[in-house]
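Novice: Summarising the annotation, TrEMBL assigns repeat 'TPR' to 259-292, 301-334, 343-376, 385-418, 427-460.
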Amino acid sequence: MNTLTNESIINANEQTYMSLLVSIEAGIGMLQIFIAVCDADRQRENIIANYEKELAYTDNIYRVYLDSQEPSLKQAITQQVTLKENAIATVLGAEKLGSFNQDELLKKFFGYLQWTREALRELKMPIILWIPSRIYAQIAKQAPDFWSWRNGVFHFQPELSLVTNELLINRNSEVILDNQASSIFSPEQLEASLAEAINQWGENSSKLETLYSQLGNLYSKRVQSGKSADRERELALAEQYFNRAIVLQTQFQQQDALANSLNNLALLYYSQGRYNDAEPLYLQSLDIRKRQLGDDHPDVASSLNNLALLYYSQGRYNDAEPLYLQSLDIRKRQLGDDHPDVASSLNNLALLYYSQGRYNDAEPLYLQSLDIRKRQLGDDHPDVASSLNNLALLYYSQGRYNDAEPLYLQSLDIRKRQLGDDHPDVASSLNNLALLYYSQGRYNDAEPLYLQSLDIRKRQLGDDHPDVASSLNNLALLYYSQGRYNDAEPLYLQSLDIWKRQLGDDHPSVATSLNNLAGLYESQGRYNDAEPLYLQSLDIRKRQLGDDHPDVASSLNNLAGLYESQGRYNDAEPLYLQSLDIWKRQLGDDHPSVATSLNNLALLYESQGKYSEAENLAKQANFPAFNTETALTLLEKIENNPELLLSIRESLQQQTDASDDNT
């Protein structure tokens with residue numbers, strides 16, 4: 001293991017500095033492009049001051065600053081450097097790009113770099129462009145022409161004393177930074193640095209909280225990106241280091257840092273489905289931010305948003321909505337109606353309404369969010385792709401397949417162009433498009449997309465990533481629908497195994513997997529194999545999500561369907577009624593799931609010969625989200641009951657007319 005001590009870091013940086021100094025001296029009088037990579041502001045300033053002092057004899061040393069709005073290297077040099085030869089130009093300002101929602105400025109910076117070759121040829125001087133590692137990670141891809149004629153790259157590693165005094169994490173971020181280059185330390189190196197810091201300052205030094213936070217973020221990031229060498233170990237370490245940071249931040253009254261650590265630990269718990277552990281941390285973080293920053297600060301809006309997302313995931317829609325609305329209101333007042341964070345709030349609120357079946361409320365919010373993102377970020381921004389994807393999902397859920405498909409295709413196209421063919425977001429787009437084709441019965445179109453999505457996720461995230469489990473699950477569902485049970489079962493089992501190992505036996509995704517496997521066994525008539533899986537799924541959902549979550553209603557509905565198939569009508573009826581009650585209370589009387597529940601209860605009564613009750617329920621159902629699977633089920637179960645079939649046909653005709661009026 002290559003352990004990195006402070007002494008070894010200093011020695012390596014001294015060697016890099018001498019190489020840079022020699023290169024600058026040798027390049028005087030000719031065009032030379034040197035790229036210096038450094039993340040610590042004070043360290044960067046010290047290095048520049050040192051070589052300016054040693055090269056002072058040249059008399060022509062310039063510090064050039066990129067324009068904050070038009071970060072053109074060519075423009076900065078031509079406007080700020082009066083000589084064209086025998087000078088030295090140090091270029092600063094790139095370190096301020098690429099953070100705090102400045103993606104568009106970073107895009108401009110790379111665009112300007114790409115077309116500087118001819119413009120700079122007339123300059124006869126070394127140019128030292130200072131950039132942080134997050135920009136270095138992208139520069140070769142985003143500005144390949146500029147990159148191809150560089151004369152040298154010099155990496156400076158943060159020294160331990162600087163690591164502990166300058167934050168290496170974005171304290172104002174509401175989510176853990178997903179920037180692979182945000183730290184040039186490996187976990188082993190940072191662990192070694194921590195050990196040295198403890199020896200130097202003691203375990204209870206306030207200087208250690210930043211290192212603990214950095215380690216917590218690093219391990220959390222590795223786990224969630226599928227890049228951890230030992231997921232369980234690194235998950236435990238992330239939690240451990242966040243908690244150590246919280247202890248020190250509490251002890252030394254570092255309130256802003258404490259709020260962020262609480263938020264980040266809550267996010268870690270949330271990603272594991274540990275909702276009950278996440279909630280008190282989100283609440284503490286929100287309370288600190290309100291006291292420290294005031295009720296109307298954007299960071300308070302971020303905390304409200306995160307807490308609302310937790311409640312949404314728990315199916316606590318009535319608790320989530322007012323928090324989303326508060327977050328949206330703060331962002332509008334503090335940031336302006338057209339800020340990208342406002343677009344995010346609109347998107348989240350729309351997703352809540354979508355999940356409640358309030359499609360007419362969701363659509364205008366999705367459209368507003370899309371409009372803001374297009375105007376503020378450009379038509380080809382990845383956030384625009386996300387908005388197009390979400391709007392397509394809404395249309396898909398409404399059965400508006402012809403409206404959904406072009407949006408899915410646009411989203412996929414943007415992601416491919418902006419992120420590359422192998423990006424995980426491209427895999428998500430392929431997955432969603434495949435789901436659309438699957439729902440249309442276009443199985444031959446869906447299968448290759450599911451396979452492409454699975455392949456990307458395996459290569460980019462690793463065979464054991466939860467998203468790989470999702471792809472296996474979806475492909476299994478396709479095979480199941482084609483009656484290819486022998487192909488579906490091993491995929492369901494692989495998916496279940498990954499989710500259990502990566503997320504734990506009690507995660508809601510494990511419940512979903514158990515439910516799907518049970519459905520397969522039920523279709524094969526393997527009722528004794530199906531029942532315990534349905535019961536396990538129901539138990540997990542009740543414990544993790546609460547008795548009134550819509551997914552609990554789904555489990556009750558599925559278990560009731562199994563009992564109905566076995567002729568256990570007295571066992572099925574109370575479960576169907578419980579399921580119907582939950583869906584009505586949580587989603588409203590007009591949600592498609594309520595219609596499904598009414599329909600299932602009607603079919604149960606029909607099987608019992610209770611034709612009058614069945615007909616009344618079928619009329620209430622009104623089938624707002626009628627699909628192929630429901631149609632096949634109905635045809636199978638009502639072929640011997642013309643009266644019920646007539647009632648359903650009438651309800652369908654009423655709904656079809658209403659849909660036509662709305663299009």
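Any Cβ shown, glycine's included, is placed from N, Cα and C.
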Novice: Please work out the helix, strand and coil residue numbers for the repeat 'TPR' (301-334) from the DSSP assignment.
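Specialist: Per-class counts: 31 helix, 0 strand, 3 coil.
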Novice: Where among 259-292, 385-418, 427-460 do we find the most Cβ pairs under 8 Å to the repeat 'TPR' (301-334)?
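Specialist: The stretch with the most contacts is 259-292.
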Novice: Hey, which bits of the same chain come close to the repeat 'TPR' (427-460), Cβ under 8 Å, at least six residues off its ends?
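Specialist: 226, 385, 389, 392-393, 396, 401, 404-405, 408-409, 411-412, 415, 421, 467-468, 470-472, 474-475, 477-478, 481-482, 627-628.
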Novice: What are the DSSP helix/strand/coil residue counts across the repeat 'TPR' (259-292)?
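Specialist: Helix (H, G, I), strand (E, B), coil: 31 helix, 0 strand, 3 coil.
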Novice: Summarise the repeat 'TPR' (343-376) by DSSP state, stating how many residues are helix, strand and coil.
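Specialist: Helix, strand, coil within the repeat 'TPR' (343-376): 31 helix, 0 strand, 3 coil.
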Novice: Quick one: average pLDDT across the repeat 'TPR' (427-460), no decimals.
Specialist: 93
